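What TrEMBL annotates here:
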DISULFID  CYS107-CYS134  disulfide bond
DOMAIN    79-136  domain 'Sushi'
SIGNAL    1-23  signal peptide
Amino acid sequence: MVPKCPRALFLLLLFLVCPESRASQNCLNKQQFLTAIRHLQQLLKGQETRFAEGVRHMKSRLAALQSSVSKAGPDTPPVSCPALNAPLDGRKFGSKYLVDHEVHFTCNPGFRLVGPSSVVCLPNGTWTGEQPRCKDVDECVSAQPVCPRGTVCINTGGGFQCVSPECPEGSSNVSYVKTSPFQCERNPCPMDSRPCRHMPKTISFHYLSLPSNLKTPITLFRMATASAPGRPGPNSLRFGIVGGNSRGHFVMQRSDRQTGELILVQTLEGPQTLEVDVDMSEYLDRSFQASHVSKVTIFVSPYDF
């Protein structure tokens with residue numbers, strides 16, 4: 001049937017272009033024209049049949065494919081690596097944990113990165129390295145001095161402070177001498193000077209570095225007494241806060257017979273510097289013997305760590 005298709009179309013075209021009013025031997029007669037039409041009808045019918053069969057076959061294939069997909073298990077999720085957090089006192093860049101994605105890390109000023117600065121998620125669901133951490137840089141141990149001559153470097157969270165503890169200025173019968181970089185002792189008092197004996201016998205300087213928003217209550221500092229060999233020690237001690245700008249952030253309480261504790265009771269937010277003077281008074285048979293003052297300076301870091 002197909003080989004006849006070109007000829008039938010050719011005959012039909014000849015008929016269409018042959019005017020009825022012109023008698024020509026090249027024009028088709030009626031019988032030839034009807035034959036050509038039958039050939040075309042058969043051709044179209046065959047094409048229609050094959051098209052319908054193709055559509056039915058395609059529908060069958062689609063139905064089978066749909067059934068296969070429906071019976072298949074759930075989609076396998078893409079491989080990902082465990083979530084990472086920003087290091088304390090640092091930052092993290094990157095929030096996608098899929099294969100081949102990178103995450104980068106940096107530290108805040110005053111801290112250095114310990115570990116890789118970036119990691120990549122591998123196809124097995126692990127990172128190319130351990131999560132890094134940020135470590136405080138101790139500027140006080142650097143090769144080059146960071147504080148002026150005559151001062152002492154105190155390392156703090158993310159920085160440092162230069163301090164210069166000084167003994168109180170002498171007055172009348174009371175004077176102090178520096179026995180170490182962080183301690184002063186009162187010179188012996190005249191026998192008849194009662195006010196001198198009530199002045200602190202020793203004054204010590206202490207420097208603490210705290211993070212911001214430290215959970216409270218927490219013990220920051222302890223004071224204790226020790227008797228000299230062969231000499232009786234005090235049988236009573238009294239502890240208290242006698243100065244500074246603590247503004248009620250601290251309390252002093254006894255932890256045992258010979259020890260007092262400075263306790264932080266209110267959360268501190270940095271950066272700020274607080275000072276608190278703590279007194280320990282010694283008594284023997286209810287008679288005052290001596291007092292010792294610890295000047296505690298607290299540097300509160302701007303960072304939580």
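Using the three backbone atoms N, Cα and C, a Cβ is placed for every residue, glycine included.
TrEMBL: automatically predicted annotations, no manual curation.
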Per DSSP, what is the residue tally for the domain 'Sushi' (79-136) in helix, strand and coil?
0 helix, 25 strand, 33 coil
Count the other Cβ atoms sitting within 10 Å of the Cβ of CYS134 (disulfide bond), across every protein chain shown.
24
